């Protein structure tokens, strides 16, 4: 039962921390393990070039070295795609995407064919996705071919064609025929326009770029928000396409924003808190269980890691549980979303509040000490005002270099749930039987609740039982645990539970048996006593047997309530039964071996006499068939008779009755068949002799 209590308290601790958690952890090894499980090969390769690119890109971002070797299969598929005249712009786009990581060699002739095909696709594009795949393919082939001089002939015209799909709220349409707009399409459009800017032979009209910056600001004005500052984009069903969830939509917008910021000069006017809110969204979803969603998460975090708008810095804790008894240190780490080191900065603890309390901060502002070796900011000693319990710590991250403030964003303040545990002192524990009228102590026992107890008490219905003890924290303050109750269990398994009340440090429960006789169902006899004191912050929670009390209660009236039927333990009903042992009767004494052999000889004598009689009388072979077929059946008949005699011998020596019956049934069918044929021949021969 102690193990069950410990498990319950650990669960309570986890739930209480998770409910208050507003802190996010950067990418860890759990993501790397999940990537290898989610991106699995199908007969040595991935199912499509799109999936190949997503797997390779994910492995590249996470720095996974021991990944499946798909280079040869990927290069073969890439070569087939770029060399085929029937490949669509989408096929070429993902082939070039995969090749940007696989680094396969593409022949110059194939490159020229791709460029010609994609240029024609740009000229004939009529939807946003047409522009996205064709322009994106040209950007990729330009990056991969150092000798290729690729430009759009009318980059500004193409830019305006794509811009025509934009809406006043910053969202975009997939085509001019569809009035519905989408944030997912906005991300695709930004990425496409960034590609057009990079492919332009001359600088585009800056008014177009300014207008696009305003569109980005409008798009972020419609962003969704959670109470903890997490931000994300969401879409409705658009153009009959499959619903794009918040993960894919937000990832698309981030990818487009990063691409657009990389090819334009000047800053995009976006508050740093919005970038930080997007980082919280992608880190807060944990590890997705779908390969596509996993790629969206990792790719978006890579965009946050390297974008030119703002790079978010994430504050995380080495442990959210600190023991004051063990004098644990508070350790804080500040990194990027992918776990890279942050620039020089200072971490300050600016406030600490009891969970659910609106009182003033329990601590004064103090700076954490930075450890160069571990990269942690450490507070070695918790303030005396921090005792066992649940708290919310407030941290402030300050960049040391002014230039870093233009690149990184830390947010104003970061709240982190902290759970402080410790060993609780248990003192002045005693149990006593009191006289009901005078309240005088009739018998009293000291208890060691941290050790073993075997108290034996007795009382009647005119007396009381009192249990009391004191609890205090390592700092000497009063401690009130979540669970404190006394259990009395009758020998008939009927249980009664009583809450132990408290006033300050002292906990006390008084049971007046006169008022409890009906609750006890007038059951006299032995009651085992058990005390439970438990709390998630209490390192020495206990479930201890105190002893027993013998109660003498009056006889139950005729209409008194009966004790409830106790549930039958299913293990005792359906579990394994006790092993049945049986001693067999000792075998009877057998006769000497010589006597048994003599008896065997006597049983064989009649058979020997029969054989000798046959020899002396002579065997009549006149009627034995002479023709081959009848003679064969006659021989088989006699062989069958011999086999039956041999089977009798084996039955005597080795076989049991069932085995013998199986064999003799087969031999019987055989003997009936061959015997019938033999007797038929003899009857026919006899009839011929009589007619002659």
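Glycine too: its Cβ is placed from the backbone N, Cα and C atoms.
From the options 657-674, 675-692, the stretch TrEMBL describes as transmembrane segment is 657-674. Taking TrEMBL as the reference, the stretch among 568-588, 631-651 described by the feature transmembrane segment is residues 631-651. In TrEMBL, the feature transmembrane segment is placed on 595-619, out of the ranges 520-544, 595-619.
Mapped onto DSSP classes, the domain 'Ribophorin II third' (428-551) shows 4 helix, 75 strand, 45 coil.
Here the domain 'Ribophorin II N-terminal' (27-305) returns a mean pLDDT of 88 for the predicted model. For the domain 'Ribophorin II second' (313-420), the DSSP counts in helix, strand and coil order read 5 helix, 53 strand, 50 coil.
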